[in-house]
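Scroll down for the structure; my scribbles are underneath it.
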């Protein structure tokens, strides 16, 4: 039993981790979050125990990188008397996808993380709880409240006439690279 | 997980992951974390896997060797920090293309011999001394590396050559003139001898 090539790790988990990053830090910062996650994972990979759960390990790293990115953003922000109108940094302005991503970013942090790690990262709530802290039951409640809030957002037909639903994301493989 | 989630959360822009993968390979190389880079190369003897460490070309593998199995073996023996990263293999791919186009008769590539040792490595490093277009017998090679009784061991060294083509084990044949075994299959060996004789 030896470790699989890291390329296979990227092929198996890259899609799910990218979805998680887009939900947690937004479309704009997701590429940096993904890149930093996989670079950190590559660095630590030789020391990872062979029986480790790769998906949970990667989501944990992505979680930390997302926190770093969000903190960095808050440091850059400076208080102003009135918030100026400006284009969304979360995607194409006016697109329904960006609108939904905006709705995700407005969820309370724990809900957003629980939705991302459970529904997009594919982790069971017991593992989500290990990543974000608290009990599995609290993680389940946060995930379910979060998805309900997103549903309510989607249920406003005038705002979002084109949004459809898809089956839950499981880690999709891009297949072996040539 | 029976609940459905909005496709806007799961749909990803076309090409984004490929772009991120390319960036990862570049970041990994500059952070000195790309222990093994690999790519494939189409050739007249089938798709070849090329893998290199920062020190040099580590492995050339035929399709019949099963590229996934070859990468798994490299992960175990050298490092699991392996990524598809064609750039490091540019020179090797170019020289192999030239070899198959018959515009190149010797290779001029840095090599990493990490996958062989001892007598096998001695035999393998001798192989480029057999001139292009010529063949030698296993017995002759055994004598040339200073161990004339080690004919079978020379056969094993050729059979386990991690760098076929570049270290030309296809130029070592049986004393009855038949080509003998080859990792890429006997047809590939015959084809390579014919290519060099043309």
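In case you wondered, yes, glycine gets a Cβ from its N, Cα and C as well.
Automated prediction, rather than curation, is the source of TrEMBL annotations.
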Stretch carrying region 'Disordered' according to TrEMBL (options A:131-154, A:155-178): A:155-178
Average pLDDT across the domain 'RNA polymerase sigma factor 70 region 4 type 2' (A:99-142), rounded to a whole number: 92
